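Here is what TrEMBL says about this protein:
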type: BINDING; residues: Pro90, Leu91, Ala92, Arg93, Gly94, Leu95, Gly96, Ser97, Ser98, Ala99, Ser100; note: ATP binding site
type: DOMAIN; residues: 61-143; note: domain 'GHMP kinase N-terminal'
type: DOMAIN; residues: 205-282; note: domain 'GHMP kinase C-terminal'
Amino acid sequence: MCESLSLKIPASTANLGVGFDSIGMALNKFLYLNVQINNSDRWSFKHIGPNVEGLPIDETHYIYQIAQQVANRYEVTLPPLDIEMRSEIPLARGLGSSASALVGALYIANYFGDIELSKYELLQLATEFEGHPDNVAPTIYGGLVLGYYDPQTKVTDVSYIDPPRADMIITIPSNELSTTLSRNALPETFSHKDAVRNSAISNTMISALIQHNYELAGKMMEQDGFHEPYRQHLIPEFQTIKRIAKRYHSYATVISGAGPTVLTMIAPERSGELVRELKREFIHCRSELVTINVTGVESEVLYQRH
Ligand code: HSE
């Protein structure tokens, strides 16, 4: 019998405007990993389809690096593995592709190292690697998750709210935007006055989302002062998408994660018309409707004869 671990890991959109590094939502676009023990003495990676071309096929792979760090921490030895990787999540576009790969590596180490990490522990580890929970938390749990990582204690606390009952459109530019570059565009410091203002906007946005008041939530999302003012020049399409979306009475248009993908939240009656208009207007981008993922990572162990 040959045993394989199959993982279906969702993408995520971080920040939602005002929740920089703390709010994220899982999306129904997936990284698929199929993992089995091989008979050699090393790991190998096989990449199928778009979004994974050019990734290393040997032990320089990010998933190998992370999985080994986890194995070392828990003092277990992982067997040599063959990993087949397929992905619907474009790389370096602000849809959490590296967080999904990171979470995949943790699940692989957990399973093949027989560590028995709980979901809570997986989240703690993932956030420690990533530095903030906004992509990894929804990727692990699904839905809309808010969280805070305390770098001193290395503890991550999370809280969940109902995902919005609104439609989501993502417009994905053809170019990549490095997260490092996008984070380097941010200011080092923030005045007390600005912090108070932005935390008020963020608090109001969350309260409005809890009450499913999307008009108010959207109004707040679009007033972010934590990251969008400093990053929007890196995404030339952003302001035009926002303007067009407003013609369709969208609730909000924000930068997804570190960009360059742009996320629009809109009423279901109007989403179809808008996404088609965005497709016509931005032929070099991919505009699509995307649904919110509520399951988080799905894993399955399969057995087959050799
Ligand atoms: N919150 C992060 C950012 C997400 O906006 O940079 C990408 O890591």
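Start at 1 and count along the chain as shown; that gives each residue its number.
Every residue, even glycine, has its Cβ placed from backbone N, Cα and C.
Caution: TrEMBL annotation is automatic and unverified by curators.
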For the ATP site built from Pro90, Leu91, Ala92, Arg93, Gly94, Leu95, Gly96, Ser97, Ser98, Ala99, Ser100, further residues of that chain with CB within 8 A of the site's CB center: Ala11, Ile89, Gly257
Binding-site residues: Ser98, Ser100 - member with fewest neighbouring CB atoms within 10 Å: Ser98
Assigned element (helix, strand, coil) containing Ser100 (ATP binding site), judged by DSSP: helix
Packing count at Pro90 (ATP binding site) (other Cβ atoms within 10 Å of its Cβ): 20
Helix, strand and coil residues within the domain 'GHMP kinase C-terminal' (205-282) as assigned by DSSP: 45 helix, 9 strand, 24 coil
